[in-house]
Amino acid sequence: FKGGDTCEYLLSSGRFLGEKVWQPHSCMMHKYKNSEAKNCLIDKHIVFIGDSRIRQLFYSFIKLINPQVKEEGNKHGNIPFEDKSASIKVDFLWYPEVNGSMRQRIKSWTEGSVAKPHIIVAGAATWSIKIHNGSNEALTQYKINITSIAPLLEKLAKSSDVYWVLQDPVYEDMLSESRKMITNEKIDAYNEAAVRILNSSSRNSKAKVKVFSVSKLIAQETIMKSADGLHLPESSRDTNAMILMNVYCNKIMKPIDGSCCQPQPPLTLIQKLAFCFFTLSIIGYLIINLIHRNNFRKNKSCTDLESGEEKKPTISPPNVSTLEMLLHSFCKLGLIMTYFYLCDRANLFMKENKFYTHSSFFIPIVYILVLGVFYTENTKETKVLNREQTDEWKGWMQLVILIYHISGASTFLPVYMHIRVLVAAYLFQTGYGHFSYFWLKGDFGVNRVCQVLFRLNFLVVVLCIVMDRPYQFYYFVPLVTVWFMIIYATLAIWPQIVQKKANGNCLWHFGLLLKLILLLTCIYFLSYSQGAFEKIFSFWPLSKCFELNGNVYEWWFRWKLDRYVVFHGMLFAFIYLALQKRQMISEGKGDPLFSNRVSNILLFISIVSFLTYSIWASSCKNKTECNELHPSVSVVQILAFILIRNIPGYVRSVYSSFFAWFGKISLELFICQYHIWLAADTKGILVLIPGYPMFNVLVSTFIFVCVAHEISQITNDLAQIVIPKDNSTLLKRLLCIAGFFSGLLLFSAMQDQPRH
């Protein structure tokens with residue numbers, strides 16, 4: 001940790017990821033859209049003053065505001081630009097040399113009668129080299145002129161953002177005869193003079209002229225693609241303009257994926273209270289632990305000096321009390337949450353942008369699949385979708401999703417469409433698992449509901465508090481929580497139809513099917529009635545849970561994207577359990593699920609269906625159109641996979657313990673990746689070890705998986721304490737939880753008022 005300002009890194013250092021993606025050292029760059037650029041620069045006056053290279057930068061900058069702008073007009077004259085809708089004024093002033101004319105113009109801005117520009121971007125040198133044929137006298141005069149201009153720029157820097165653009169290197173082999181005297185040696189001499197002279201009188205002052213030297217690094221990689229050897233190719237100057245936009249706008253717009261130049265966000269009231277709570281938990285646990293150790297020492301075995309024999313302790317070590325277990329869990333959780341905060345809220349660790357290549361996605365996929373096959377064991381039972389198999393399924397899907405996120409593969413549409421199926425498969429398992437439980441056990445008690453809701457939501461609620469993020473930000477947990485409640489309501493509302501009741505009368509099966517048809521009708525109606533959906537989830541306090549950026553559109557989009565798959569999971573569970581009850585399927589060890597002929601036909605159909613979906617997903621050209629079809633067709637590949645995995649008896653009888661281990665902590669892995677594996681709320685990558693990408697991924701992954709596993713254990717321990725089996729005790733706990741959330745809503749409203 002160098003402790004430097006990330007703005008300095010953005011202006012001075014970085015590297016290319018691939019050919020066109022620029023990665024600043026230690027921080028992330030946001031790609032500004034036209035609307036964002038206008039919002040940032042509203043009512044601003046920006047001036048570019050210098051030579052033809054500055055003119056190029058001017059055009060790239062104003063194209064961020066209005067992409068329709070064409071590079072027209074007098075090349076050796078002033079060029080004005082104005083966006084009246086946002087009251088933005090950007091001027092290019094033609095001053096190709098650092099001389100008295102440029103000084104006079106800059107001096108006019110320092111005088112009180114003239115309005116100062118909010119941003120000034122200046123730079124020139126190549127004309128001085130060209131006109132004076134690269135003479136040493138010209139360099140001496142340049143130093144004198146920039147010395148006279150420097151105090152004026154430093155004075156302007158107190159109220160405006162002032163940038164001095166250093167000269168880019170040239171590609172000498174491509175220069176025309178009239179420009180042959182412009183050599184990289186001369187350019188370096190002029191740049192050295194500018195850097196030495198600027199800010200020489202204000203080295204300890206905060207108001208400094210910002211030296212824009214990063215353009216040199218970009219030019220070193222791309223100048224050979226220049227049309228004339230002097231001017232940068234368009235992609236390079238667009239990168240420079242985007243850097244300039246990030247330097248000025250990130251502190252104003254605060255984009256999630258633009259960590260450069262952003263100050264550390266101040267602690268909110270709720271975060272401060274959480275910090276106090278975890279600190280007290282740690283202190284409390286240490287005190288209780290010391291007391292227990294002290295008592296144990298007093299009663300431990302001691303040697304009888306006369307006989308030389310060891311006496312047995314009269315009192316056994318005390319059992320771990322509920323309070324100690326509670327404090328121990330919160331102590332560990334507090335330390336883990338500190339790590340979360342340091343990784344993704346404090347400016348302690350570096351963050352980098354993602355960059356997708358096919359190899360960065362597919363090579364790790366092949367690697368983990370080989371590992372998974374290597375750790376093959378026999379299952380304890382050979383039923384369809386047994387516990388080990390579903391854990392394995394969750395595990396490999398979660399690992400693929402993690403690789404998808406860290407590699408930035410969402411930019412590659414075929415991969416995106418297949419990952420959508422994996423998310424749908426999670427929800428399919430939600431429908432299958434909860435329906436099977438309620439159908440077989442008939443347990444609709446409050447304890448069961450509270451246990452499920454606690455295990456699903458505990459980590460997310462803690463992260464919402466510690467990381468200052470809305471509940472809907474962790475969209476998958478709200479999704480499975482709402483679907484669980486829908487499944488519960490569908491089966492628990494009168495008449496409660498379970499397998500035990502249905503076995504006595506087959507008509508109950510039709511009653512359950514009617515319930516499922518009613519559920520499907522409601523889903524269909526809400527998916528095509530955005531207004532009705534938004535009204536339901538816009539009521540307070542539901543709106544506090546499901547709003548993101550002031551509306552519930554994101555929640556509607558996420559829900560709609562996989563709207564039918566939970567229903568498909570419930571229907572599959574109903575059909576499978578009915579077939580199982582009537583002994584129409586064979587689930588013995590090594591036996592095919594059906595007769596050989598039926599099994600072979602179904603297996604062939606499943607393989608063809610699986611491959612057909614993959615071919616369709618791989619040929620997708622438009623994400624919006626494919627997303628529209630996805631809810632209806634994703635079940636094809638899910639069912640095909642289930643049949644391929646379960647029809648052959650020998651395949652159904654084994655599982656990968658490697659994948660199953662990850663499957664048991666899949667929810668924690670999915671949530672933890674937001675802040676301690678990825679960075680900037682999944683938009684970038686956390687860098688613990690700069691300069692060694694592979695080693696960094698290994699170290700951060702090891703910590704990330706350990707933390708996820710530990711949080712899973714903490715959640716299980718706390719679930720036993722917070723959700724007791726005794727109903728009267730449970731009611732008291734629920735009242736306490738209701739009071740906690742009421743207080744949370746109150747504090748949230750209090751801290752939202754200053755923000756608005």
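Heads up, the Cβ atoms here are built off N, Cα and C, so glycines get one too.
A TrEMBL annotation is a machine prediction, not a hand-curated record.
Some features that TrEMBL has for this protein:
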DOMAIN    22-92  domain 'NXPE C-terminal'
DOMAIN    253-734  domain 'Cas1p 10 TM acyl transferase'
TRANSMEM  269-291  transmembrane segment
TRANSMEM  355-375  transmembrane segment
TRANSMEM  396-417  transmembrane segment
TRANSMEM  452-468  transmembrane segment
TRANSMEM  474-494  transmembrane segment
TRANSMEM  506-526  transmembrane segment
TRANSMEM  561-579  transmembrane segment
TRANSMEM  600-617  transmembrane segment
TRANSMEM  629-647  transmembrane segment
TRANSMEM  659-679  transmembrane segment
TRANSMEM  685-709  transmembrane segment
TRANSMEM  730-750  transmembrane segment
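Proximity of distant same-chain residues to the transmembrane segment (506-526), defined by a Cβ-Cβ separation under 8 Å and at least 6 residues beyond the stretch ends, is recorded for 486, 490-491, 495, 497, 532-533, 536, 563-564, 567, 570-571, 574, 578. The transmembrane segment (685-709) and the transmembrane segment (730-750) are not in contact, since fewer than 3 Cβ pairs between them lie under 8 Å (pairs 6 or more apart in sequence). Counting same-chain residues at least six beyond the ends of the transmembrane segment (452-468), those with a Cβ under 8 angstroms from any Cβ of the stretch are 265, 268, 270-271, 274, 333, 337, 340-341, 344-345, 434, 474, 477, 480-481, 484, 667-668, 671-672, 674-675, 711, 715-716, 718-719, 722-723, 744. Sorting the domain 'NXPE C-terminal' (22-92) by DSSP state (H, G, I as helix; E, B as strand; all else coil) yields 22 helix, 19 strand, 30 coil.
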